C-alpha cells in the first residue's frame, strides 16, 4: 500500500508564522482564538497591533504593514519595529504580501509573483538593527543577502499559488522605491536596464531585517499595474490599482492558508538553526 502521509512536524523548534501584508488581509484572513497585542520594541511601535491566532491549527501572527487604515506611507513604516515584534513573539517564518508594478511585457496586472531577488533603491530607511544606537543589539552585522529570501519557504508560496491554478511567475527581481510617488519614464528605463522586473515600495528593508532577525522570510506579490517605460503607455491611477488588489486579495489569503498548512507539516529545525547561525557568524567585532 502506497504511503501518502505527509511528514509530521516533530522538530524541537515549534513553528510560528508571521504574516505581514496590506490592510485588507486583516479582514480576509480567518484566525481562530484571535487575540490582539500591542507589542513594544527597542525601535518603537510596530505599524499596528498584532493579531495572534490559529490558521488550521498553526500559530500565526498578523500585522498590517501600512496600518489597518492604510495611513502610514512607505517611508514612515517602522520596519525594524515590525520585524522585531515578530521576533519577540517567537515567529520562525514570515510570509508577506506586496502590491507590485510590472516593468515587463509578460508580467500583467492580476498576475502573482514569488520573487527570488531584490534591489534596494531606498534612501531614507533604517537598514539594520545593529546601528549602535541606544537599545539596539551590540556590534555590526555584515549580512550576506544571497539568497535574498528563504528558498524553501519561497517554494511553499509558489507551490500553493500553482496548486490554486493562479497565473504565477516563479522568479523575479523586485526593486523597492522610496515612494510615495511612482517613478518617471526615465527612471523605469534605468530600472529595466538594472534587471528589475517589478517595483515595490515596501519590500526593502523588510526582507533584510527579517534575515538579520534570523527569521525565514518569503514574499508573494500581486501585480496591480504596468509601469510606463514608453511614451504611449497608459498610466494606472491609484484607484485602479486598489481595485485590482481588492479583487485578488481573497486569492492571496488562499495562497497563504495553503502554504501555512504545508509548512506546518515539515521539520524546519535545521533551517531555523542555520538562519540564526548565519547572523551570529557575520559580526565584525575586533574585541573578540
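Glycine is treated like the rest: Cβ placed from N, Cα and C.
In the record from Swiss-Prot, residues 65, 66 bind phosphate; the candidate from 173, 176, 184, 202 listed for the same site is 202.
Closest to residue 65 (phosphate binding site) in space, going by CA atoms and restricting to the recorded positions 183, 201, 238, is 201. If you take the C-beta of residue 202 (phosphate binding site) and look for same-chain residues 6 or more apart in sequence within under 8 angstroms, you find 65, 66, 74, 77, 98, 176. Each residue contributes its Cα atom, and for residue 183 (site 'Important for substrate specificity') and residue 238 (site 'Important for substrate specificity') these two points are 13 Å apart. Looking at residue 238 (site 'Important for substrate specificity') and residue 201 (substrate binding site), their Cα atoms lie 14 Å from each other.
For residue 183 (site 'Important for substrate specificity'), the Cβ neighbour count at a 10 Å cut-off comes to 21, with all displayed protein chains included.
For residue 201 (substrate binding site), the same-chain residues that are 6 or more apart in sequence and have a Cβ closer than 8 Å to its Cβ are 74, 176, 177, 178, 179, 180.
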